[in-house]
Amino acid sequence: MDKQRVAVIGPGSWGTALSQVLNDNGHEVRIWGNIAEQIDEINQAHTNTRYFKDTVLDEKIKAYHSLAEALDGADAVLFVVPTKVTRLVAKQVAQILDHNVKVMHASKGLEPDSHERISTILEEEIPSELRSEIVVVSGPSHAEETIVRDITLITAASKDLEAAKYVQKLFSNHYFRLYTNTDVVGVETAGALKNIIAVGAGALHGLGYGDNAKAAIITRGLAEITRLGVKLGASPLTYSGLSGVGDLIVTGTSIHSRNWRAGDALGRGEKLADIEANMGMVIEGISTTKAAYELAQELDVYMPITQAIYKVIYQGHDIKEAIFEIMNNEFKAENEWS
């Protein structure tokens with residue numbers, strides 16, 4: 001692939017790690033963020049110590065205070081910002097773009113009020129004449145591992161297979177490999193909803209439960225994620241792939257996962273406000289829990305784990321009582337869809 005100029009919107013942990021992958025592949029990377037000190041640090045010290053204490057970035061990776069400068073002449077734009085600000089940032093990008101670009105995103109969540117997926121937000125806010133079909137970059141990936149070039153395999157999903165193949169070629173190298181998929185609904189819902197289950201898995205750990213319980217919440221969590229996704233039009237096969245069970249395993253079992261760590265703290269009795277303050281990073285699973293619960297109610301989809309986590313986070317329900325209620329639900333067949 002010829003050298004591409006890629007604007008990376010969001011200098012968080014994942015945006016930074018993906019920037020390094022793109023740079024390793026010989027592409028020109030332009031990061032944009034709105035924290036002046038962070039942008040200056042990337043340019044001057046070639047570090048992003050807010051997320052990576054010991055990592056030195058290549059000097060060719062540049063960061064910009066100006067969104068217009070970051071977008072100037074870009075071949076592709078990669079959104080890696082928190083879900084709750086995606087619409088606002090997309091509006092700003094749309095106002096500046098003056099040519100057609102490939103548009104990708106690597107965020108995982110549902111918009112709090114509308115319950116919309118991120119690709120839908122981008123489609124609504126960026127006119128079609130300025131962009132390709134949206135490509136979703138998602139899968140089992142800790143930024144802490146990708147930044148040190150550990151092997152990572154994820155998915156590039158788009159309604160346009162050629163757009164997905166472009167992103168596959170853009171990112172793939174000897175340690176970072178992408179597979180294409182055209183099931184955007186499946187890939188996005190898997191990536192968003194697994195954060196809820198990771199909060200629950202962390203909570204079980206914080207409460208002192210063992211591996212049996214953790215395996216149970218991951219597998220039954222995958223079942224209810226699949227139920228909601230299929231109701232929205234996804235293929236059930238997607239949930240057995242990298243963006244489904246793969247991402248759920250890595251997020252639901254690892255201390256690297258901020259959602260798992262948040263759940264662990266909840267299980268140990270910490271208050272949510274304190275957890276969010278101490279984390280210093282967005283915990284997508286918290287806001288996604290509310291959106292998914294409301295969506296499940298609207299579509300009449302059975303999601304007992306999501307409902308339990310919602311009650312604990314948003315209604316102050318006792319976490320041990322929530323577990324008791326799940327364990328005493330009516331008996332079900334394992335593959336029941338309701």
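Glycine residues also receive a Cβ, built from the backbone N, Cα and C atoms like all the rest.
Annotation source Swiss-Prot lists active site, proton acceptor at Lys194, citing sequence analysis. Annotation source Swiss-Prot lists NADPH binding site at Ser13, Trp14, Lys108, Ala143, Arg258, Val282, Glu284, citing sequence analysis. Feature annotation from Swiss-Prot assigns sn-glycerol 3-phosphate binding site to Lys108, Gly139, Ser141, Lys194, Asp247, Ser257, Arg258, Asn259; the stated evidence is sequence analysis.
Annotated features taken from Swiss-Prot, shown on the structure.
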residue	record	CB count, 10 Å
Ser13	NADPH binding site	21
Trp14	NADPH binding site	21
Gly139	sn-glycerol 3-phosphate binding site	26
Ser141	sn-glycerol 3-phosphate binding site	23
Lys194	active site, proton acceptor	34
Asp247	sn-glycerol 3-phosphate binding site	26
Ser257	sn-glycerol 3-phosphate binding site	23
Arg258	NADPH binding site	22
Asn259	sn-glycerol 3-phosphate binding site	27
Glu284	NADPH binding site	25
Considering only the binding-site residues Ser13, Trp14, Arg258, Val282, which residue has the minimal Cα-Cα separation from Gly139 (sn-glycerol 3-phosphate binding site)? Trp14
What are the sequence-distant neighbours of Val282 (NADPH binding site), meaning same chain, six or more residues apart, C-beta distance under 8 angstroms? Gly12, Pro82, Lys84, Arg258
Any further residue of that chain within 8 Å (Cβ to the Cβ centroid of Ser13, Trp14, Lys108, Ala143, Arg258, Val282, Glu284) of the recorded NADPH site: Gly12, Ser107, Met281
Pick the one among the binding-site residues Lys108, Ala143 whose Cβ has the fewest other Cβ atoms within 10 Å in this structure. Ala143
Could you give the maximum C-alpha to C-alpha distance in Å for the residues Ser13, Trp14, Lys108, Ala143, Arg258, Val282, Glu284 that bind NADPH per the record? 15
